[in-house]
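Features of the protein shown, as given by Swiss-Prot:
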ACT_SITE  33  active site, proton acceptor
ACT_SITE  217  active site, proton donor
SIGNAL    1-20  signal peptide
């Protein structure tokens, strides 16, 4: 059952009760870092995820039944960096204090640009800033139709203050921006060219948590009404079966908003997102633990939907046991509420 509630902005950050249970999922529901898109020609849903050289599946609705198609890029990426052969194995990933430990070919972001389906993916290696965001395209998303275009030009090394993974493309009235980043100085944004295939100019920071390990990643920008909402994952993502984080330090989904797509994001208390601001949208509750790796999808029947991965504590805490979750979002208070 799906439900929603409305709270005033000052109370929103403190709301920890009343989260709706994740929406139904049948078929292939084990997933990490999902990205959701709907094909224009027939309304079929496609879902991309980390692992297996970008695994993807399809369904007739967001609830499923989800059928695995296979690897998006079975021959790997043309980006010449460690990790382009997709060695990430979710079931054996463990948290070691470094961001995205063992996650090497990851975090897809599916978008449609001028009638062509784009999937942006990340190539990286264990705890490294030697990372890049790549692009693959298809006109149908059918198996075997993907063309790998290699790097978008968004790359990082140890000389940078960011990590070039977790890309998310945003179309602001025909102007494209790539949001990206994980730990270090957290979330950055870079203008893209008009085809959304290559970076056009230098990046700049849009979200940063100065505390602790700067545990911010997986940003997703979504416009609703007059505001741009910057969703992101905060906390420890992985390895819960072998090393459970302190209560409250596990993954959760936060948000800031702005009247501009390019900065000045604040939370419900007015704290800048570049200074540790962030209002909780979804966190651990009931049998849901560590929700994150999120995106927002405008469903033709349901409206705005928050989708993510999570651990069902009744099943198990291993990374390979994480499930696809989704909830309808209520923006009636001016802030997204599950």
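Yeah, the Cβs are placed from backbone N, Cα and C, and that goes for glycine too.
As the structure is a computational prediction, the values presented were derived from the model and not from experiment.
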Legend entry - Local Cβ density at residue 217 (active site, proton donor) - other Cβ atoms counted within 10 Å: 27
Inset, instruction - Identify, in sequence order, the residues in the chain of residue 33 (active site, proton acceptor) that are 6 or more apart from it along the sequence and have a CB within less than 8 Å of its CB; answer 'none' if there are none. - result: 49, 50, 106, 107, 108, 218, 293, 309
Inset, instruction - Can you see whether DSSP assigns the residue listed as 'active site, proton acceptor' to helix, strand or coil? - result: coil
Legend entry - For residue 217 (active site, proton donor): DSSP state (helix, strand, coil): strand
